[in-house]
């Protein structure tokens, strides 16, 4: 890392969410519970899809990959934030800070493309049902997932390509609970206003364009459902509604933070918490509560595990 950045700063100070001891204790409990449920919920969806043969379809294959990404997105900063609530000095090394930026943009970039892939899957299923099995083949689904991770990797590398060469000689205080690009590049010892506007706006524009693309696709799907009323309308509408709720929760905070950048308002911290903690926490709840097939499969899996435990428990 030293070969890339001739910096005198070896670590950054994270101000966190609050300096109130009472609130820190409260947040420690709340976010610990959220993180635990997030990991358990997404793991349950992932295992249920993998172990249930009738869920081996394109939609659930993409859903299981979304659960995997949500587990990663929730883990890049949340464990450290939880530990920092009781730390006297909330610091992170320069390498750790760069790593957080890398993983943040990797996982968010990957999730953006995956959400677009999921909307494409629903579009084909509802608008071109006769060609669905041909278009959404296993090869295509695998290609969509690989493309998602590839785009996420290229996006995060494009963001770090300039950041690594910036001189950071002080100050080193980041007004957040993790390192994010808009806050970190402001600490560079050179005037990076134009470069910062370009780098950060790139993420904002990508999020905004992707959201508009997704919005258009869901509008087309909803119009198709309305014009071709059938027995499967309720199920299709429920599935699309769940997907769109996820899209709104994920893209709303991202667009706000990266389009209205260089702000230090409390709302920025709240939005950061929302798309790094709350969205991965709510995704499994939304999909399991609004999708009857997943809900039934999860209940069956839990029931089988309870039966197996009952058989193996000595009496």
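Any Cβ shown, glycine's included, is placed from N, Cα and C.
Across all of the domain 'G-protein coupled receptors family 1 profile' (41-287), the predicted model scores a mean pLDDT of 83. Taken from TrEMBL, the feature domain 'G-protein coupled receptors family 1 profile' applies to 41-287.
Positions annotated as transmembrane segment by TrEMBL: 26-47 (among others).
The transmembrane segment annotation in TrEMBL covers 59-78 (among others).
Annotation source TrEMBL lists transmembrane segment at 98-120 (among others). The list of residues near the transmembrane segment (98-120) in space but at least 6 beyond its ends in sequence, with Cβ under 8 angstroms from a Cβ of it, reads 1, 59, 62-63, 65-66, 69-70, 72-73, 76-77, 92, 144-145, 147-149, 151-156, 159-160, 163-164, 178-181, 184, 203, 206-207, 210, 213-214, 217-218, 221, 243, 246-247, 250-251, 254, 275-276.
The transmembrane segment annotation in TrEMBL covers 141-166 (among others).
The feature transmembrane segment is assigned by TrEMBL to 192-225 (among others).
As annotated by TrEMBL, transmembrane segment applies to 237-260 (among others).
Panel annotation: around the transmembrane segment (272-290), residues 17, 31, 34-35, 37-38, 41-42, 44-45, 63, 66-67, 70-71, 73-74, 76-78, 104, 108, 176-178, 180, 238-239, 241-242, 245-246, 249-250, 252-254, 257, 298 of the same chain, lying at least six beyond its termini, place a Cβ under 8 Å from a Cβ of the stretch. Annotated transmembrane segment per TrEMBL: 272-290 (among others), in sequence order.
Here the transmembrane segment (59-78) has long-range neighbours at 31, 35, 38-39, 42-43, 45-46, 49-50, 100, 103-104, 107-108, 110-111, 114-115, 117-118, 121-122, 125, 141, 144-145, 148, 177-178, 239, 246, 276-277, 279-281, 283-284, 287, 293-294, meaning same-chain residues at least 6 beyond its ends whose C-beta is under 8 angstroms from one of its own.
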